[in-house]
Amino acid sequence: MKLDRVQITQFRNLTSVSLSPSPALTIIKGVNGSGKSSLIEALYYLGFGRSFRTNKHSSVIQNEKNSFSVFASCKTEEGDELKLGFQRSRNETFTCSINGEHSNKLSDLVSLVPLQLFTPQSTDLIIGSPSERRRFCDWGLFHVEHQFQSLANQYGKFLKHRNALLKQQANLSAPQNQYWESQFSELGESLSATRQGYVDTLTPIFKQYSQEFLPNFDVELSYYKGWEKDVGLSESLVKKREYDGKIGHTSSGPHKADLRLKVNGVNAQELLSRGQLRMAVAALQMSQTKLFNKATQRKSIFLLDDVGAELDADKREQFIDGLLKMDTQVFVTAIESTQLAFIQKYNEKKMFHVEHGSVKEE
Ligand SMILES: Nc1ncnc2c1ncn2[C@@H]1O[C@H](COP(=O)(O)OP(=O)(O)OP(=O)(O)O)[C@@H](O)[C@H]1O
């Protein structure tokens, strides 16, 4: 899917902005504080319904205004036109709109907008908590496996119930709790197998990209399912019942899963420099883009914020080259043109200049 036209209203310093991006490469230039990241952040709302910079929706609403909105006219792979929108007001309600129909179900909107982001904070994917890596995996699954979201939601409900029982010091082996235990472990096994399958498919693609981005290292990706290796989830739950009762929550299950990245046999963050960690993240994201394209026959959108600060010139070029080769719609922000000297070679591109929150095509 490609964004054809975008309209942003009352979003941070962007009072009223509209632009028609390139279906291939869109460059957004401007000095510090001009509004480049805000533009990227507004687009991110279409793919996630939230910001990547703050948990407080009210922070992105323009000072002294009551709401913000992002609208986009899009072209699907089938050539259909889609009109999408996201609005949020200070009283915490949001509305999505799809071809004029309003919905309060975020997944209706975000399932239509497969979007990824690379920023100066993207190394958190490797050095941050396991939840970052589960989110990475689940983005792919959400867009590729239609049943995934309902499976993950159901698992979440049973986990909540089990944790509530643990907090009440309930006896989980009592007959009245057997149904909950067996359903929980069945859903957990199923969710885990789905994630494992995804990582197994992603791994060879990632291997190829990591050879490109980190040619001097032997990089291995693996999935940790969230409990002991050689036992089923139900067995692990029984083994840990007493411990779980003491801590008041469930310590085994796919909610504890992780992706592990080893480089030359050790954890990636032990060996790689910051720049190399960024390259590893780029390789992970590229492989996910490739897998998404292959599995769905659709194209995705990629936002690169402040790419100049993140990767050296060669890697920057390699990253953007690779994404454009996959027909991804790429948005890149930069302070100066010198950070993106190589873009001269692309024919299909548009350049925008942001100044005090207004955007002009160059
Ligand atoms: N809620 C808000 N209302 C109005 N302006 C805001 C709001 N939140 C942030 N701003 C301002 O918006 C401006 C744009 O910020 P933004 O982060 O988009 O800049 P940028 O061009 O990405 O800068 P940099 O190159 O330094 O990252 C800043 O001057 C910021 O103070």
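Positions of Cβ are set from backbone N, Cα and C atoms, glycine also.
As written in TrEMBL, here are the features:
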BINDING   G30, V31, N32, G33, S34, G35, K36, S37  ATP binding site
DOMAIN    3-346  domain 'RecF/RecN/SMC N-terminal'
Neighbourhood of S37 (ATP binding site) by C-beta distance under 8 A, where only residues 6 or more apart in the same chain count: R53, D305, D306, T333
In the chain carrying G33 (ATP binding site), residues 6 or more apart in sequence that have Cβ under 8 angstroms from it: N13
Assigned element (helix, strand, coil) containing V31 (ATP binding site), judged by DSSP: coil
ATP site shell beyond G30, V31, N32, G33, S34, G35, K36, S37, criterion: Cβ within 8 Å of Cβ centroid: S38, I335, V354
Cβ packing number for G35 (ATP binding site), 10 Å threshold: 26
Chain-internal residues, separated by at least six, CB under 8 A from V31 (ATP binding site): I335, E355
